[in-house]
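Residues or ranges marked as L-serine binding site in Swiss-Prot: T236, A237, E238, E290, S390. The annotation ATP binding site is assigned in Swiss-Prot to R267, S268, E269, E354, I355, S356, S357.
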Amino acid sequence: MLDIRALRQDGEAIKAALSKRGYTLDLEEFAALDAKRKQADMRSQELQADRKKASKQVGELIKSGMAVDEAKAQVADALQTIDTELDKEVASAKAIQDEIREYLMGIPNVPQEAVPAGNDEDDNVEVRRWGTPKTLPFEPKDHVDIGEALEGGLDFERAAKLSGARFAVMSGGLARMHRALIDFMLDIHSDEHGYQEVYVPFLVGPEALRGTGQLPKFAEDLFKIEGERELYLIPTAEVPVTNLAADEILEANTMPRRYTCHTPCFRSEAGSHGRDTRGMIRQHQFEKVELVQMVRPEESDAALEALTGHAEAILQKLDLPYRVVILCGGDLGFSSSKTYDIEVWLPSQQCYREISSCSNFRDYQSRRMQARWRNPETGKPELVHTLNGSALAVGRTLVAILENYQNDDGSVTVPEALRPYMRGLERLK
């Protein structure tokens, strides 16, 4: 959520910055709401002054010799009228404040200056590449053909029988590799990158989703649970992990906070009809290892570079070629101020496909969820900056391994880094 004071002072500059996203900020609507708020505040102040004046009259009447009960009775009607009007104005002011908050909740984050202009993913800018795409001495198969031919392997038919489209069943060595990837990623981030592993609920309330920016704008992308309580299946571990700091003041000596977490993720993919309908690239349920950081404001830009490097390290250890792109304004996520996508090479498609997004949200999420830290220089609470990134999406990493490590006999070589997690298994057959 944007700072309302910044909107009042620099509305035109913010409007210009948001245009990089293709978003038009309605400053007239904001000005009208803010004027209503001021009017309600002024009316409340006037009524409070009237009440104070009426109460003072009671004292003056008593001083003039009137009995206490008689003095109170004389101004009772006036006080009652004032109190009734004051209650109405307080309720009106709250309604206006709620309206302003909803207006602010619907405004995306301001892109950083480094974010390139552009409309969609075609305008994203490549930053760097690592590794050389493998040239296979045979026609590469896609991960579906490879996985379905493995012993056990992938089974989309039974998954559809259970749950419909965009689900998968894995068994045998493939299921073990999927689990091995999760353990491998968590170990690297915990042991080498200094993240604290956390376990969180997979169901959250609406306020948690509002805090990170999924609600109210993206309700159609979520799975909501039917029952007495309003709960949602998490679309990413970002939601519960970032909200660990909601309504808290973090002490400076506990900063930065770095968390890594494995969760299943659930998405309706409402806007993805017809895209990646084959295989595991885009599913309603998938696993992800997430990185979340909460840092001092002056540290967040450097933290994004480090976090992105931590995600890249997984691909490097697995020897999977990839590239990093910076997202243009039109492709930037709603809550993000700057995002790097990491894209892994898929031989069957002869292109790079997204496997991770790493974002700096600055104080956009922390203002929504009131996540603060105590600045030792001022002694006052200030908003933290939040960041997160996929490190990595487990299913897509599995897809990349199947395709990049495939052999002409249909088997798949197990990457050396994973073999300790696979009981020494060197090949899936």
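Heads up, the Cβ atoms here are built off N, Cα and C, so glycines get one too.
Projection of Swiss-Prot feature records onto the structure.
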residue: T236; record: L-serine binding site; DSSP class: coil
residue: R267; record: ATP binding site; DSSP class: coil
residue: E290; record: L-serine binding site; DSSP class: strand
residue: I355; record: ATP binding site; DSSP class: strand
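The subset of binding-site residues (R267, S268, E354, I355, S356, S357) lying with their Cα within 10 Å of the Cα of T236 (L-serine binding site) consists of R267, given in sequence order. The binding-site residues A237, E238, E290 include none with a CA atom within 10 A of the CA of I355 (ATP binding site).
Here the candidates are the binding-site residues A237, E238, E290, S390, and by Cα distance the one nearest S357 (ATP binding site) turns out to be S390. A straight line from the CA of R267 (ATP binding site) to the CA of A237 (L-serine binding site) spans 12 Å.
Under the three-state DSSP scheme, S390 (L-serine binding site) falls in the strand class. The binding residues for L-serine are recorded as T236, A237, E238, E290, S390; their greatest pairwise CA distance is 9 Å.
Taking the Cβ of S390 (L-serine binding site) as centre and 10 Å as the limit, one finds 27 other Cβ atoms among all the protein chains shown.
When the Cα atoms are compared, E238 (L-serine binding site) and S268 (ATP binding site) turn out to be 17 Å apart. Within 8 Å of the centroid defined by the CB atoms of T236, A237, E238, E290, S390, the record's L-serine site, lie the Cβ atoms of V239, V241, C261, T263, C265, K288, L291, V292, N388, G389, excluding the listed residues themselves.
Among the binding-site residues listed (A237, E290, S390), S390 has its Cα nearest to the Cα of E354 (ATP binding site). Considering other CB atoms within 10 Å as the measure, the emptiest surroundings among the binding-site residues T236, S268, S356, S357 are those of S268.
In sequence order, R166, D221, R282, Q283, H284 are the residues of the chain that are 6 or more apart from E269 (ATP binding site) and have a CB within less than 8 Å of its CB. If you take the C-beta of A237 (L-serine binding site) and look for same-chain residues 6 or more apart in sequence within under 8 angstroms, you find V200, C261, H262, T263, C265, K288, E290, V292.
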